[in-house]
């Protein structure tokens, strides 16, 4: 039995970038796919794990101050269950790693289109990723932008939390090893020579 859930593309205006590109007729947009009341998106970071993150649907504030919600586009519907979608997103995370992000060749809109094709068999509208199409004409564009503009704040927070968790696990493991060593050392000190 299918769930028949709407698949919605949430589009955000990256107005700080559009100040530069609108004069040549190219809009720059961030996008994410909303399904089951959750929005999945992709962004870059310098680490070899998934760059896919989740925000509250349509909440530009979670992306950062330079993003503004533009519109929601209903793409279709899906019969995948929520658990299936989590597995699909996890699998896509193997391809959409943070350190694989490229503004022109593998960006949030490429991810949104890939997820949309899986969920409802449709690509996102072409105008949303027009920048990638024109990138061969303006290859210098990415080099002109500050790196921090390329990583949404929500993803930075997610990456920071994941790194913090890894650090805490490493510290806990080191503390356990130190305690085990101390305990073992204490036992050997109790032995007396015969």
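Placement of Cβ uses the backbone N, Cα and C atoms for every residue, glycine included.
The following features are taken from Swiss-Prot:
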- 30: active site (ACT_SITE)
- 108: active site (ACT_SITE)
- 173-184: compositional bias 'Low complexity' (COMPBIAS)
- 5-149: domain 'PPPDE' (DOMAIN)
- 166-194: region 'Disordered' (REGION)
For the domain 'PPPDE' (5-149), jot down how many residues DSSP puts in helix, in strand and in coil. 58 helix, 40 strand, 47 coil
Cα of residue 108 (active site) to Cα of residue 30 (active site), in Å and rounded, measures 6
